[in-house]
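Q: Below you will find the structure I want to go over with you.
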């Protein structure tokens, strides 16, 4: 009969060392994954789902809703980083909804505006990690509040345009400079489209193209600036899923909603959240250093 080998001191020593070297199983902690507790993680998902729904239903306001709402419990830099990938992916869908041909035609028709957005987003994105928190909150909250408040008052954003190329260049520069820091470059484009009296279908298509190209440039710019990093990039990627689901639901609901009322309540929400960001900016500005 065989006998079990007697454990020698060297074998015992080796076994004990292996036990010590074996890593302990760490508990799963949402905070260690995205820097958020489960409640705020679920809240971020719900905000993204709703903003995607609004985008699908009325075609705008997704980044403004996400930035203003996420900015209420994230730092301004974290909020901007979180928005980037959902905006990029959903605008691919919006830009190509009618096919490559119309998307390319829209790109060429608004090439001067797009060119300035592409040129100036990286310029201002460089400062996104260097701007103080209060200034970031103000740069996000003030444009959102002014834009939504102006719309709520029933005032037209259309301006008299006598030279289209100059108008495209000017609005593109403004959009790029604001967008690189705040993640929002849509309002100057909307002013341009309304001033040119572009048809509704063209507006939707051009917004999708410009937002997609701008988001692609913003993604690359913030990979270089450090705003998108090992902590913020996975969180932004995770939010792509609720954004796409919400957008699909918005497309389905488009014909069933009272769009004018839904749009009005969305603008009211934007004013409220924008004012909250301005409040945070003033509190941080007045806080002792």
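Note: Cβ is positioned from N, Cα and C throughout, glycine not excepted.
Copied straight from TrEMBL:
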| type | residues | note |
| --- | --- | --- |
| TRANSMEM | 39-58 | transmembrane segment |
| TRANSMEM | 65-89 | transmembrane segment |
| TRANSMEM | 109-127 | transmembrane segment |
| TRANSMEM | 134-153 | transmembrane segment |
| TRANSMEM | 173-196 | transmembrane segment |
| TRANSMEM | 208-227 | transmembrane segment |
| TRANSMEM | 233-253 | transmembrane segment |
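For the listed features, I'd like the structural context: burial, neighbours, distances.
A: Outside the transmembrane segment (65-89), and at least 6 residues removed from its termini, the chain residues within Cβ reach (under 8 Å) are 35, 40, 43-44, 47-48, 50-52, 54, 128-129, 133, 136-137, 139-141, 144, 181-184, 211-212, 215-216, 218-219, 222, 227-228, 232-233, 235-237, 239-240, 243-244, 266, 269-270, 273-274, 276-277, 280.
Residues 60, 63-64, 67, 79-80, 83-84, 87, 110, 113, 116-128, 131, 136, 139-140, 143-144, 147, 156-161, 164, 167, 202-203, 206-207, 210-211, 214, 218, 221 of the same chain lie 6+ residues outside the transmembrane segment (173-196) yet bring a C-beta within less than 8 angstroms of a C-beta in it.
Beyond the transmembrane segment (208-227), the same-chain residues lying 6 or more positions past its ends with a Cβ under 8 Å from any Cβ of the stretch are 77, 80-81, 84-85, 87-88, 91-97, 103, 106-107, 110, 113-114, 117-118, 121-122, 125-126, 128-129, 175-176, 179-180, 183, 185-186, 189.
Residues 33-36, 44-46, 48-58, 62, 78, 81-86, 89-90, 93-94 of the same chain sit 6 or more residues outside the transmembrane segment (233-253) yet have a Cβ under 8 Å from a Cβ within it.
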Q: May I ask for the residues of the chain that lie six or more residues beyond the transmembrane segment (109-127) and have a Cβ under 8 Å from a Cβ within it?
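A: Same-chain contacts beyond the ends: 165, 168-169, 171-173, 175-181, 185, 189, 192, 206, 209-210, 213-214, 217-218, 220-222, 224-225, 227.
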